[in-house]
Structures are given as structure tokens and as C-alpha cells.
Number of protein chains: 4
Amino acid sequence: MSFNTFGKQFRFTTWGESHGPALGCVVDGCPPNINLKEQDIQVELDKRKPGQSKFTTQRKEDDKVQILSGVFEGKTTGTPISLIIYNQDMRSKDYGNIKDKFRPGHADFTYFKKYGIRDYRGGGRSSARETAARVAAGAIAKKVLENKLGKKFKVVGAVTQLGILGCDTSKWNDLIINKNPFFCPDKNMLKLWEKYLLDIRKSGSSCGAIIEVRARGIPVGLGAPIYSKLDMDIASAMMSINAVKGVNIGSGMNSAQLSGEQNSDEISQKGKKLKFDSNNAGGILGGISTGQEIVASFAVKPTSSILTTRKTIDKFGKNTTISVKGRHDPCVGIRAVPVGEAMMNCVLLDHYLMNKAQCS
Amino acid sequence: MSFNTFGKQFRFTTWGESHGPALGCVVDGCPPNINLKEQDIQVELDKRKPGQSKFTTQRKEDDKVQILSGVFEGKTTGTPISLIIYNQDMRSKDYGNIKDKFRPGHADFTYFKKYGIRDYRGGGRSSARETAARVAAGAIAKKVLENKLGKKFKVVGAVTQLGILGCDTSKWNDLIINKNPFFCPDKNMLKLWEKYLLDIRKSGSSCGAIIEVRARGIPVGLGAPIYSKLDMDIASAMMSINAVKGVNIGSGMNSAQLSGEQNSDEISQKGKKLKFDSNNAGGILGGISTGQEIVASFAVKPTSSILTTRKTIDKFGKNTTISVKGRHDPCVGIRAVPVGEAMMNCVLLDHYLMNKAQCS
Amino acid sequence: MSFNTFGKQFRFTTWGESHGPALGCVVDGCPPNINLKEQDIQVELDKRKPGQSKFTTQRKEDDKVQILSGVFEGKTTGTPISLIIYNQDMRSKDYGNIKDKFRPGHADFTYFKKYGIRDYRGGGRSSARETAARVAAGAIAKKVLENKLGKKFKVVGAVTQLGILGCDTSKWNDLIINKNPFFCPDKNMLKLWEKYLLDIRKSGSSCGAIIEVRARGIPVGLGAPIYSKLDMDIASAMMSINAVKGVNIGSGMNSAQLSGEQNSDEISQKGKKLKFDSNNAGGILGGISTGQEIVASFAVKPTSSILTTRKTIDKFGKNTTISVKGRHDPCVGIRAVPVGEAMMNCVLLDHYLMNKAQCS
Amino acid sequence: MSFNTFGKQFRFTTWGESHGPALGCVVDGCPPNINLKEQDIQVELDKRKPGQSKFTTQRKEDDKVQILSGVFEGKTTGTPISLIIYNQDMRSKDYGNIKDKFRPGHADFTYFKKYGIRDYRGGGRSSARETAARVAAGAIAKKVLENKLGKKFKVVGAVTQLGILGCDTSKWNDLIINKNPFFCPDKNMLKLWEKYLLDIRKSGSSCGAIIEVRARGIPVGLGAPIYSKLDMDIASAMMSINAVKGVNIGSGMNSAQLSGEQNSDEISQKGKKLKFDSNNAGGILGGISTGQEIVASFAVKPTSSILTTRKTIDKFGKNTTISVKGRHDPCVGIRAVPVGEAMMNCVLLDHYLMNKAQCS
């Protein structure tokens, strides 16, 4: 069972509700003797932090993390690392609007039907606020992987499609991703995307997004067939993120339209160096990493809370309507970028460690 | 750890190589007192069996299943059910062609690099022959769900895209799916698909496919947030199938292009009956089933073994080429339909049983 | 993997070091709609709290617990319950004595050899202070079981042997157990035990103990053969407690000396009521509860930290000696009583919930 | 969940009933490139095989094992190893005596109450015949450990108490254990034990036994605190064996009666060699191996099926009696020796592999 725990060897368990006193996670299975300080985690949390541009939610949260255990004199000890983030912006506003109503596209209806009770404040446990805990866990995974794999290792994510607007992924530039409010990797799209999203925001509507995450410097051999395949665990990781509805590895859904000649990546050797002529596989064959760049992408559906009035029912089974008042978040997909990176780091470390047990 | 085991409460462990003496699985966590006979499993295996049309592999296998434990006087007893299928068509043909070479698009390279050894005969453990064991496990899950959920329950899969040719899923007709060699749900496409695939077969090429699996009669409340979400486990299940590169739930990757107004499914009540106006969510919100039809689809890449000569290397690091001789399988995606159904049945039963523990 | 997590369906993950800022646990899989307040947990923690008599450690800790998530308006919601206890008495005393030395009988040596690093302050992660988190988790399990099983349900533990002094378990009296500083169930032994332990304390020595835990009102049918047997999980739970070296179920080790006639408990029916003539089985047959009282006992070794000088080595491999200065704890086994009760509650709830999934 | 699966990294799943067509197991997580042939497994099975002396059950079974997968050209490949043993002596004898009656001391009552159905033939799934599958799995673990740890590694078990008769464990001699029908390690006891057991057999009664298992050549550092402690997993493993009621590590239950001075094992260094002056800890401190010999013992209750008539009830709730006719097994504990060895091998390999993932 793994209700609120992710991972097998490197595991994290998250807890906390949107408007509870705090949220956090316990990271278990982290190797000992890795340098770790709060700032290593904070820097990743700051990427995800709300309120950084007009294009994301305006909730005010510092997301200041504290390490409560598992680190001694600046190094991990192999014991569980407990992380806590106290909530700040949880003013007791009027929840009358959503206390008894089920917001369409949200988990309100299903949580209530499943459990017979729900913390309705800000979505409770189903709020994307939970992803702060994942980002914190991912920051630890990243530190370990950097220690084990060295400089070649890097995980980087970006938004490659914003609503109906794509970008040219062959223009992908790591350096500009964190320098624009969309995590866009193609500088040619920045103006267009800005205008597009401003229009959506003004109209009170919302749009979806596709996030692509790339991992470099990954050794061949990670992945445990048949039912802990690397791609399977990446799909699972990404699909667990709030509002995600689809996951691709390499050519993904598009591979259905390719021919055998187009799709299978030819291999050749040049001196000591092995080379794949293409990467439709997204760096994974038979569930095991090939040593190529690992490429995964996932779709985030448009923000369900919009200004337009929507039909719904309340918990007593009465027909009613609902709409968001005031500010809203035009594209929840944007803030999913650091979350996707974090999940990728966690899956990769999990498999890196498992591989030691399987094959050493 | 779950290398060769799938599921949490309802679990199956598969074993066997393509050209070993046998393959099978152990199904654990099956509830007691369910009627089960070999024929219940055989009927599902027969859908997946090779050699049923000229569009799939010509390997000759009866895939005759035996129940070795867990069933007493025609009923399950709650103890593990061991299933075995002896291989037949594993003649000692000349494997010289692939013994030392890594077939592009296959797991040959990664298995060898990971384990330092591999059973090269027919792909060994990475062969899609393993899916026979899943189909057998899925047949048991189906029997249990039919017993627990009654007549409204049904899982049905179909090929909705064959290479570059789609079909009209609004024309989906359960009754024709098993009556054509493509598991196509739209009778208008049959002739076109036949001609298209014959051409591909003649040219020695291959194409991919998209398979859609629908589940009806599923109660609201299945799914265990945050890290055993129902959609997460479906994504994991489908991505574990050989050659799958992408998974969608409901609108899937396409949801990125929808607006908030288009995407979130409005809810209304008509008398005692709750109604969703659309099903972009694919029957799942917040990782929990809504009671709507569950809709998942996945892409299978084109068969990697084709008649065209391909560049590759051998296990000594030498450049070489490889090509398939004689008959080949133009679209491996077709036979993934019963496998997708089986995995859906297994995930649903797993969550049905888990929900008892969580909420009763 | 379950390094710091215990349980399958009802799971708790503990974290924290003896002298870190805090310790706690995340309880996952708790059913929804159970009344729960901090005081329910505090009352159990207070039983384990240090410094309550001269017979236990003099560390000063309030062990005040806070609920950080998973409870809404006084009821559990089915989401993870995060509990935190801030440490208080962790003054930066001089650890020079144990910083580099391995205390015999403690985990100092093995932690250092395994991890290459250890938080030596008060034993770090290997300190029995971790058991506070288990007691907190057990308090939640108890609340759920009381809700599900009603008034007949009760788990009660006691010390049945203190060093070389046993007691008459046929005189077991629940009412006196919490009214003496030894958790002794037989009032006739109180004076003798007091004198015995005072002498040990004065001499700077220590003694072991046997703790027996009884569970009443448990339905028949809990336990999942073959590898989640109820007795197996109880043995695992008790052996996980610090300093425990042996576990018995029912007649336990003594059953080796019984004859078949003496050992197997005869069964008879009186009207609607089934009766076992004895309970050598300790309420468990074939790994499944019989409906009788469940009886488990375990031995806690004597406190390893004593006033006598002991030979040991330091982390540089040099021979040295070590001894405890000032106050010490003459019998760590005493405070294991609430821990044993907590673990029993957790195992029973785990199996109660699993049984729903297996058999409903 | 792990109903019929044991282990975390090195895992085996057993299946089969006493009188079904076959029994077996699937071993998962076995490292690749280990030499393995059927004979390696057969030799261990032969130790456990019934009918080898007049002191054990007279059922005739060859227990001939076949490897169905996971081994290629004499070496493991890292894929699951499926083992099968076909049952032979399962003649359709008259089960009228036990079909509807619950044998005291057996799992008949609890299986029926839990599942509402049971395969009553020979105890069905609850028969000790299941242990053949464990012995097979243990044989594989042993091969891997021999490969990884070298010649110093050895696991050896013996009966150290037969009913009321103990033996002198300081006289333990590996060489005589397999040369007497009791697996007795102390040659001075052989005659006495023989006479004692012959008398019990003639009288139609039975006795229990204590089995001790020792593991040598185990490196320091195996064990994953807090909830995968090595001793916890050994306790769990041994308690899972049929009829086991108690488990000790090192001084075990007896440690309650020791003083701190007697119990904690002093440490000293002699040149490069570390030395413990005693081994009350049984080779484990804080759940982690110390590098000393690991010593575990467990008690097996007396055979419940005896010639004396016993009171019981039938499945309709009627009072009745039961007794065994003809030959019986005077001490089931004897054949538990190879089972205990097998479980020890499996636990040690599991932790050996896990340690790679935790600390490398």
C-alpha cells in the first residue's frame, strides 16, 4: 500500500491540507553522507512558490522549509528526513461558496462520496498545495543524484505548449527557461505566449499546458522490468500530479502514427562511443534506460475554477451554479514544471538505488 | 519492491521467457467463493492468441492454461491461484541473427547492459509473450468484478487508431469489435484499415496503434489519493505493456488545448440520478472514480522488427546491420487490446478491494 | 521497502532523533469519520512519558503532541495524520564521553559501520525516544478499533517478569496495572519488585523484563496467511521495539516442552457459544485469529548503560572503557509496556482493515 | 501487501495446496549471473523430504523440483525464477473424518471462518507441505550468498531441544547434524533422544522442539532500522513457519533474567581484528548485524494430530470428537530445521541486497 507514499527504495510520504497549519513530508531511504542544507531545498521551492507573476495564483506563501530530522552536522545520516512548511495565507475567509457545493473539474465530489467527509477549505488534501512537499523531496533526490552521477547529470523541465500555442522544442534553451514566467524553452514564443495568456486571464477563462521534462547524464540500466519499468514509474509519477491527464515517453502518443522505419532508433558505435541516431524511445527500451536523454511530457488540464458560471450540484443533491470571484489562476500548468522536475528526480534516484541492489 | 508483481491488494506475479518451457503467473489476493474454471481464463487468452489472422504474428501457440492451485470444487478459496501455460512453438531455430546483435527498438541492448546476460531467444523475458500471463490474471479479475458489481459492469477495449488512420469513436459499437481482426469499433473503417494494413505488411514495414479501453458500471469512490490514484495506477498499468509510449485519461494530452469552459464537466441532478454533461475527466477526478465511464487510451509504437535493413551494433561493440527475414507482424498494437482490457480489470479490482479496507 | 514505515493497510512512518528539534509520525490509511482529538493521543503518551518514577529515566519531556493534518472538525478525513512532538530536554551537554566511543549493547557500533556517520547525541535515531511516535500512532489505532469493535475490545499490557522475579499471571488484574510504577498485574508482587529494583538501581546495575500484551474482543478471521500471518506480524512488531530479544505467542517457547495432548486447545460448543478449553495457541491458529484472547509476550534485555566500567573500542579502533555517570535507568523494559500495547493496536487494526479487502 | 510473498528485495511467492496437483514458488529479485542448476535446489529439498526416518511423516513424495524460468545456460538472468514440484502421494483417500470437522490445534477452524470455504484435504494451503517451496527459494538464496560472501559464509540449523530434553549447545558440531535423524548437534544426546521419541511415537503422542539457526560470515551492516530491522525480519520469517510459537535472537527470552553486566557484550580490538567477548545479542544490535555469528532459535509446538481422542466441533456447530488413525508424525519440529535454514538464507540475502541500495 502506498496511499500517501511515493517510491520504493527512495520514498517520500506527504501530508497536509491546503488550509491546515502546515504541510510536509518524510523522506526515507536517502543515502547517508550527502551534504544537505535547508537552502538546497528552498531554492527549488522558490521556483514553485505562488504569487511570483500575474500568471499564477496570488496566494501569499513563503514556503519556508525546515529540516526536522535525518541531517546531522550538514550531512544526511541515512535516517528519515522530516520536512515541514507552515502555512501562512490561510485567513478564515468565507468558504460559504464551496462548503457544500462540488466545483466541476475538482475533486470535491469524489472525496465527499468516497470518505463521507472532506476538508473543503481550498480543496483540502486535493489541493495542488501538496506539490510543495514533492518539490522538497525532489530537491533532496537531486542533491543525491548530483553527488552520485556528477556534472553530466541534469533534470530540466519546461512548458512546451501553452493552450493552443506550441513552441519549437528544437530551439530548447535551458538558460531562458527560468528567466520567463512561463518556463518556456523557446525565446521566440515569449511575446506570443504573454499576449495569449493575458487575454485568457482578462476574460476569466483558463488554458491547459504540456510540460516536458528531460534528464541527462543518466546511466544505462535503470529500470526494473516487468512491473517497475522506468517509463511505467515515470508515467505513474507524472499522472499523480494534480490535473494531469496524459503522459508521453519520447514520441509518446504520436508514435502510433510513425512507421517502423521512422520509429526505431538506429544504433552505431564511433570509437568508444555508442550513438543512437534518434530518440523516439525517449531514452527507455524495455523499461530500462538506454543512456540517452530521458524525455517525458505530460498534459495539465485547464484550471477548473473560472469566472464563468458553471452548473453543478451541492452535497444535498440539489442543482446549483458556481463561479470564481476576483483573481484566478489562468494556467495551473505553469507551476507544474518544478513539480515534474521533482518527480523525475525522485523516480531516477529510486531506480538508481534499486539498480545497486539488483545488479551489484 | 514489485519487479514482476503488479497490484497492491489484488496482485499477480508473472514469470517465463519467450522460449522457455512455460510461462505463467501467481494471482494473490483473489477473494474466496468466486466461481472459476479454466475455461473462464481460456476464453480471454484466445482473444490474444497469436496466429489468428494474417495481420498478427504467425507463431503457433494454443496458449492452453491450467489452474494449479487456489481453486477447490470450482470456487476460489482465497489462496494463491497459480496458472501455467506451456510453450509449444519454440523450435530450436537458428538465433544466430540476434544472438549477439541488439535489435533497434527492442530491449536487447538494455537487458544486456543491465544484467550482463540475456536469454536472446525471441526476446526472452522482454517478449510480449509475457502478456499472456497478464491476460490470464485479468480474466480472474473480470470474474470477481462481475460477481461484485453485477451486470452493469463491463470493460471493453478497441483499436481507435491504426497508424495514420483514426476512426470515429462516437460510432463505437461493442458488438463489432470482436468480429474484425483489428478490434476496430467503427465498422465504417474496416475496409480502409484492411487495405492499409495489407499494404504495410506487403512492404515489410509496420505501423503503430492507439488502443482505447472503457470501463462501465464502476462505482464512485475507487482510487486512493495521493499516490495510489486510480488514473496513476491505470497509467502505470498501461505503460507497463510492451511497446506502449503514451497514456491518456479522458481527454488526455488533448486537454492541454481545451479552455476551462470546454474541459470541466458540468454536473446536474435529475431526480435521483446524477449526470455529468461531458466526460473530459475520463471518469476520474482527484484520482477517484466519479461513477462515469472510465476512459483510458494508450499508444503502441510500430513493430520494431521490419524487413528493411537497420543499422545497429553487436555485443562486442562492432557496427553491423539487422533485418527480419520472412513473415513479420505489421502491427503489434492489435494484440494489445485484450492486454489493455486485462490490465484495466486488474487495476479496477485492486481498487475495489482496497476501497473496502479504506472506507468500510 | 519499509525502513521507517510499519504496517500495510494502516501504516505509520516515524521520524526524529533523540536530540533533534522534534520527532513524530505520519499515520496513513486511517479510516474517515472517526472522532479524534489531541487528548486521545496525549493520554497514551503520558503513560510512556519519562520521569514519572524513580525507576525510569529522568529525562524531562512533556511529550506534548500536536495534530498537523488529517483531522477536520474533530473527525478523521481519511487523509494522512501528521503528528509532531517537540523535544525539550536536549540541552547541549557534553557528549565527549560517547561521541567517539561505541557503548556496548547499544547500536552505536552498527550504525556507524553501516552508515559511516551517526548522530551520537543520546543514541540519535536508535534511541528509544522513537517509541513515543509509535505510542501516538497506536493511540489512533485504538480509537479506530474501539469505534469498529465496540466495548468488548481491549488491549492491555503488563510486566510479567522483572529480572529474575516473575509474577502469577493467573492473578492478572487490569485495574492495578496502571496504578503501580512497574505496570505489574499481580498486586502480590509489588513490594518484592520494588525492593528488588531499588537494590539494582542503587548498585548501578540493571535488569531485563518480560512484557505480556493481551487483546480481547478480537473477531475470528484476522490474519493473512502465509506471509502476513497475524502472529508473524505481532512478532515483527514486538521485535522492532528497542532492546527486545524474544517474542512468544501463547505458550511460546514453552510449547516445545508440551505434549500434543497438553498443547492443542480442545473446542466445544455450548448453545450458540464456541469455547476453547485452553489457550496455548494465544488466540491464533494458522496465522488467523480464533476469537480467543490474543496473548503475546516479549523480553526486553537489561539496560546496557550501567555504572560499571565496560570494555569497548572507539571509532578509530582503539581499546577503551566506558561507564555511565550519575542517574541511570535500571529497567528499560518497564516503559516498553505502552509501546507493546501500541504495536498490538496497530497490528490488529492493520489486519482488521485488510480483512475487509480480502473477504468482503 | 504480501499475503503469499516473503521478502523485499529478494522475494519469493509460494502457491499450492497439500493435495493439489503441484506446489511451487516464484523467486524474484535474484541477481544475475549466478550459477544455478536444479540439483542445487534438490539437495536442500531432500533434507526436508518426508519419509526419511520413522520419526517423521510417512507421506511418499520425491519432491522433484523443476526450474521453469529465469535461468539461461546454467546462470540466473535477473528475471523471475519459477519452480514447480508436482505432488505424487495425493491418493483420493477418505477425508470423511476431517471434511467437516475442525482438528484442534490446526488451522481448519480459522480458515473456514475467515474464507467461508477451505480445501480440507491434508490441511490444504495451511499444510506444512508449503514449506517445500520455501526450502527451494532458500536454496537459491544460499547459492547467491555463497557467491557474494565466499567461503566464510554458512547457515546451519539444528534441533537443540526435543520435547523436555535439551542438549549442550556448547558441544554443537556441524558435522553430526545431518548424520542423525533429529538434526541434533550434540552427539551425546542421540541415544537419549532416540529412546524418548520412540516412546512418544508408540504412545501415539507427540512433542515440540526448539530449532536454532546460526549464520556465520555475515558482514557488519545488514539490517534497516527502524522497521526492517534484521532481527525483526528474522522473527517474522521464523514465526511464519507452521506451528512456530516463539522466536529468540541471541539470549532471547532469557535475557530478561540477565543483569546489565552479564548481558551487554564487551568489545575489544586485537590488532586489525575486532572481538566481542560474548554474543548475547545474537549478532544484532539496533537491528543491524555486528559481524558476529547470528543466532536465532524458535519453538515448534507438538504435532496436533495425535492418536488420543480430542473434543472438537464440526462446521455445523455440533460437538464431536476426532483422533488420528494409523501412522502419525511424533515431532513436526524436526523437519523445520531445513525450513529455518532456508528462511535465514532468504532474510540474509534480502538484507544483503537492500544494504547495497541503502549505502552504496
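Each Cβ is built from the backbone N, Cα and C atoms, and glycine gets one as well.
Feature annotations, reproduced from TrEMBL:
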- C:R48, C:K54: NADP(+) binding site (BINDING)
- C:R125, C:S126, C:S127, C:N242, C:A243, C:G286, C:K301, C:P302, C:T303, C:S304, C:S305, C:R327: FMN binding site (BINDING)
**Asked** Counting Cβ atoms within 10 Å across all protein chains shown, which of the binding-site residues C:S127, C:T303, C:S305 comes out on top?
**Response** C:T303
**Request:** Indicate whether C:R48 (NADP(+) binding site) is helix, strand or coil by DSSP.
**Result:** helix
**Item:** Candidates from C:R125, C:K301, C:S305 close to chain A, where binding-site residues are judged by Cβ under 8 Å
**Value:** C:R125
**Message:** Given the binding-site residues C:R48, C:K54, C:S127, which pass a C-beta cutoff of under 8 Å against chain D? Sequence order please.
**Reply:** none
**Request:** Let me know the most crowded of the binding-site residues, choosing from C:K54, C:R125 and counting other Cβ atoms within 10 Å.
**Result:** C:R125
**Prompt:** Over all shown protein chains, what is the count of other CB atoms within 10 A of the CB belonging to C:A243 (FMN binding site)?
**Reply:** 22
**Asked** Going by C-alpha distance, which of the binding-site residues C:S127, C:K301, C:S305 is nearest to C:K54 (NADP(+) binding site)?
**Response** C:S305
**Asked** Which whole-number value in Å describes the distance between the Cα atoms of C:A243 (FMN binding site) and C:R48 (NADP(+) binding site)?
**Response** 16
**Complete:** Longest inter-residue Cα distance for the FMN binders C:R125, C:S126, C:S127, C:N242, C:A243, C:G286, C:K301, C:P302, C:T303, C:S304, C:S305, C:R327, rounded to the nearest angstrom, is 46
**Request:** State which of the following binding-site residues has the fewest other Cβ atoms within 10 Å around its Cβ: C:R48, C:K301.
**Result:** C:R48
**Asked** Cα-Cα separation of C:R48 (NADP(+) binding site) and C:S127 (FMN binding site), in Å?
**Response** 14
